[in-house]
Amino acid sequence: MAQITRRKEPEKSPGIHWLCLALLSTLPLCLATTEDDACHVCECDSFKKIVNCSGKGLKSLPNGIPQDTTLLYFKNNQISVIEPGAFSGLTSLIRLDLSKNRLMELTPDMMKGVGGSVIGNVENNELLEIPSRLFYRPGREHHVLNLQVWDFSGNKIQHVAADALFGVKGVQEVFLSSNNIASLPEDLFANVTVFGTLDLSSNDLSSIPDGLLRFQRKLRTLYLHQNFIRVLRREMFVGLQNLRTLMIADNPITEIDERVFFDTQLVNLYLFNAELRSIGARPFMTRTNSLLLVSLYGNDVEVIADSVWQDLGPRCNVSIGNTLRRVPFTRSDLNINLVGTDFVQTLSVTKPERDLLIRAGFSCEKTGDRTYQCTTCHQGTYGGAPEDCTPCPSGGFFQNRTGQVVKRGADLNCFFCNNGTYVPPEAHPGKTIGDCVVCPSGTDTSRHAGFRACPCVSNYYRKDRFGECFACPLQGTDCSEEYQHLLPGFWWTWDWGSVDNYQSYEKYVQNILIHNESYDESTVRFNGALPKVHPCPRKESCQNGGDGINATCEFGYEDFLCSQCIANYYSWFNRCFECPRWYVFLLEIVAALVVIVVIIIIVMWDLRRHRRRGRSAINVLFSRFKIVLGFYQIMGEIFEALDGIHWPQALTNIGSFFRLLEVNIAQLIVSPRCYFPNFTYPTIYIEFITGMSFVVFVVLLALSVYGCRKSYLKMTKLSKEVCNNMLAQTKQTCYLVVVILLFVTYPSVSSAIFTLLPPGCDEFYLDDTDHFKVLRLRSDYSIDCESNQHVSYNYAAEVSLCYVVGLPLALFLMLWASCRSNRGSDQCSSAPSDDCNAGQPLCDVAAQTDQPDSLNTCHSRGCSETDQSGYQNESDVGPESDTELLCHANSEETNTSEGTGVQSEDVEHDDVTSSALPESDREKTDDNKITWVSFLCENYKEQFWYWEIVELARKVLQVVFVLMFGADDHFTLFATIVLSVAFLIAHAYLKPMKDAAEHRLQMCSLTTIFLNLSAASLLLLPNEENQSNDARKEFLVVFLIVINLNIVAFVAGSAVWTLVKAVWKTSCCSRAFACIVVIGRLIPHPNRSRSRRPINASHTEGKRL
């Protein structure tokens, strides 16, 4: 049988139990040393048993307050709630300070668990009431407290519970001053003895309940000043057998009962600054005739009964105003002083009395270890401050009475000067109304002065708080707050003079914006100079927020006049835009190159298609494009140069579009600063360098192409005549390219040159005394004209004037030489007049579609019909170029559609074979090509072969004055308008253009320029803001927009019409219409045959179907 054994369990060690008990015993200690432990948050003195938590920003009471604490301070925190029993266990607590927190209520039983007598301070909180049984300690056999001092002053207490002091046996001092208490329960102190002081001052009490103080036989000092008590009844002071001092001043007391102080042993009675008119028979009688000091000054007492004096104590001091009608008949031992409003009373008191007298309008100085000498606040000052009397501030205030105290809820206690008068700082503080003098000039004397020398009148500013006011500058500043600050759209700078000048004005502005007595007396005056205001080129860029003493720019703008772009922004038409990505920039370049290539292809294609005399559609559009280009180049420069004028916004946007057509090479590419952050070179310098470099590049490129072509032909085996002819063609092509490119860029390059000349700089005064000034370039305000760099560019621009004068002069001489060498030919007018086909009926053109010589017949007939002046009459012009183009289209269609097909083949291979043709045939072929001569003379009559040079000079002359001298000078704008009118009259009188439609287009452009300049001169005049002016301005905006856009509309219409004609030419519509017309003429009509005249045989032979 198996043996069964039982496993033995291990014995439990008794040490485990002791370890658990040890851990449990240390748990309260661990909990007491958490983050909320009072000694971790506050300052603890274990030796003196003090816990100081003042000024720690606490919102609630910390845990872990040592229970042996005697002094506990929570002053200057943000504590709002105290839970019941929060101080439980603090049996040794002597002082509890909760002043200057945010307490809104005190919970009942708050002092539960507190032993002994406590000095409590809850002043300057937000308490609304004193609850029931605040100091009650339930559960004790003797549940009474003997409190030392409890201070409830400086709260918002309106209600005090009748049993608020339940459980309190006695208290040394109770302070309830500076609250909103209107009434007190009669039995508040029924079971409480106040041994020392009761302060009920600065409340809303209109009376004291009859039984409130009946049992306060130990009360020695009672403060009731600054209430609304009107009548002193005897019942108020019954039972105050030990009362020694009564402060009841600053009440509207008008009546005193007989024997009102009979139950007291009153020694000091302060009854000054009341409203007593008369005093009855025996109001000052006491139990033992104990009164030694009676202060009655500040009352308008006129009558006092002689019996009043017999109840005063021996050698009693009486101070009364000098308003008595008769000298009092009294005892010889009394000291009666008839005093005026400047009387100052002096008292010797102890420290507790000193603290109370300071609140009652006294100023105290220490004279011994425990004694103080207190005097009533002098004239011009008022009491109520924590330490001393406060003088009335400079401005519209004075105080002619002594012992005044700031009223509850008020900031000061001073009389107002009459409107329009003030007390200057040198006479401060004002003691009588005679210290108030008349406010200085520029101020509003119909208003009270306040804390300055009267407010300034509307739109005036001042540099001294107590000085005169000056008229606000006419524009740019707002003076609504009595100091100059910038309006939006204007700019100034403090970067001149000393740094102290700006700091002084900044402090002065902070001072003048203060409308109470808290201003700094050391910054009431600004003795420096103010900056000078300048309008911003783009008003939206100068926002000027805040106080307005610093010019603030819109985001993206900076520097002088907020005219420059910050990093990662680029300038485009006087505006700053955020830099695009690099691929956007690449797409812009590619798109621009594609557009240029497409235009070149279209032009070359059209030139190859039109090998004939006359003008192709491209030629017509090209001629009109030159007119449009000239117009918008001038208008773009005008809108930029006159940017200071307040153009309507819609017109400004159109001006930005005009500048696109200026063909300013430097502005057609995004600023390099977007891709080179450290690249800060001024844009105008880039424009100048780019423009002049482009001129040199074009000339050198043409020379290089010509040289390469010449070298290539020398290496070929072609005959010398062929090589010369091909080289001549290359030369003409190079001339053409150079002339076109320089012609197109000439206005923009000239503008850059004129801008850099010395007259292009503006002088800016930086201060209002015109002592500091700078010279800035008008087109780029970031450039200092006095810098060495700009002086170098000045010299370069002056040298570059040779180009401005030389290009038109060179072109003129070249044209003159070319026309002289080809006199009698059509070199100076490569294409015949558009008037040749003017007036030609469409049916006649259709009838000639199959005649090879019809075009020559058209020219010979049309040219013979022009008048002697070379210009066709308006009545004969008709559709001018439109009919001509249709005539040419039909003629070409007929000629190129003949069965042989030779004409079409010649057109395609003309460039190749022209060099091998005989001299005479080649000249005929070359006459159909566009050359630099035809580019300049193509749309002008033969006798006005030089007129394109005149137009080139006009583009520069019409903007040169504005560019060099600015738009602010009225003579500059006048000279520009005169030049505009002169060119307009010359063009209208001479009529240099062959085509009537182009003549009208040019007249329209010249007239539009004149009207824009006239509008600019009107906008420079002073403007009065009213509704009628706004309506007229709106009409002006609409009118200017229409006339500025009609040029584009005309050219766009011409392009559409040309496209329609091209479609007509290439379709079967024209052929069908021509056949219908011819067939209609061939069908005989009986009525028409009789009236038809015989047809000349010679004329008939010239027409073929």
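The backbone N, Cα and C atoms fix where each Cβ goes, and this holds for glycine too.
Annotated range for transmembrane segment in TrEMBL, selecting from 936-957, 1002-1023, 1068-1089: 1002-1023. The list of residues near the transmembrane segment (795-817) in space but at least 6 beyond its ends in sequence, with Cβ under 8 angstroms from a Cβ of it, reads 688, 692, 695, 739, 742, 746, 749-750, 753-757, 828, 933, 936-937, 945-946, 948-949, 952-953, 956. For the domain 'LRRNT' (38-71), the model gives a mean pLDDT of 89. Counting residues 6+ beyond its ends, the domain 'LRRNT' (38-71) has Cβ neighbours under 8 Å at 32, 77-83, 86-87, 89-95, 97 in the same chain.
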